[in-house]
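For reference, TrEMBL has these:
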BINDING   93, 96, 209, 210, 213, 215, 227, 242  chlorophyll a binding site
BINDING   98, 178  chlorophyll b binding site
């Protein structure tokens with residue numbers, strides 16, 4: 001609709017210019033100014049219409065202007081209206097995406113080893129109860145709490161004060177190995193060994209690929225959790241069962257069977 005309005009304004013402006021061609025310079029100048037503004041509005045309207053959104057034809061909220069990676073104007077609850085909250089939600093989604101990608105890859109890989117008999121591993125939802133000979137569960141929990149707590153604290157400090165964690169002496173002399181490209185993207189040979197997206201300011205395509213894969217992984221993780229709760233087996237077992245009889249081993253039969 002905005003494109004149509006812009007076109008009508010531009011057409012009316014052109015007509016006014018033609019009719020008033022022999023009028024005074026002042027009047028002609030005013031018409032020319034209106035025509036310029038209408039033309040600029042038309043270009044903006046067309047650009048807005050060409051931007052992909054999660055629902056075609058829906059105007060995104062003004063605070064989601066397309067500059068963020070993976071911004072398709074989706075915020076039905078209006079959570080990002082506050083700029084400070086929006087920055088935090090961006091970082092939260094990024095971290096959850098990375099955890100989901102690592103989790104899905106780990107679950108599928110270990111489940112494949114278990115199903116094929118290559119390794120005697122527990123199914124993923126029972127792995128937390130496994131006892132190890134080299135350390136007790138309490139020791140592992142404390143070590144994980146300290147390591148994760150340290151990493152998350154450093155991440156939060158870099159979020160509140162960007163670049164502060166890259167200063168000399170802030171990380172045992174390893175600051176140069178991390179490079180601190182920007183909050184959420186530490187970089188360096190430790191966390192970016194392949195040297196991808198070194199110029200983080202112009203790495204929109206890499207950011208978009210990461211957030212898209214991360215969102216897909218979060219949906220996949222939710223599916224794996226629900227699947228395990230309903231079928232009580234791992235994802236590879238469910239896949240093998242489905243492939244053995246694709247027309248009769250589907251989500252419909254599984255849900256109907258679990259409810260009976």
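The backbone N, Cα and C atoms fix where each Cβ goes, and this holds for glycine too.
Shown on the structure are the features that TrEMBL records.
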{"residue": "93", "record": "chlorophyll a binding site", "Cβ within 10 Å": "17"}
{"residue": "96", "record": "chlorophyll a binding site", "Cβ within 10 Å": "15"}
{"residue": "98", "record": "chlorophyll b binding site", "Cβ within 10 Å": "16"}
{"residue": "209", "record": "chlorophyll a binding site", "Cβ within 10 Å": "15"}
{"residue": "210", "record": "chlorophyll a binding site", "Cβ within 10 Å": "20"}
{"residue": "213", "record": "chlorophyll a binding site", "Cβ within 10 Å": "15"}
{"residue": "215", "record": "chlorophyll a binding site", "Cβ within 10 Å": "16"}
{"residue": "227", "record": "chlorophyll a binding site", "Cβ within 10 Å": "18"}
{"residue": "242", "record": "chlorophyll a binding site", "Cβ within 10 Å": "16"}
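It is 9 Å from the Cα atom of residue 213 (chlorophyll a binding site) to that of residue 98 (chlorophyll b binding site). Cα-Cα distance from residue 215 (chlorophyll a binding site) to residue 98 (chlorophyll b binding site): 9 Å (rounded to the nearest whole number). In this structure, the CA atom of residue 242 (chlorophyll a binding site) is 28 Å away from the CA atom of residue 98 (chlorophyll b binding site). Of all the binding-site residues given, namely 209, 210, 227, those whose Cα is no farther than the 10 Å limit from the Cα of residue 98 (chlorophyll b binding site) are 210.
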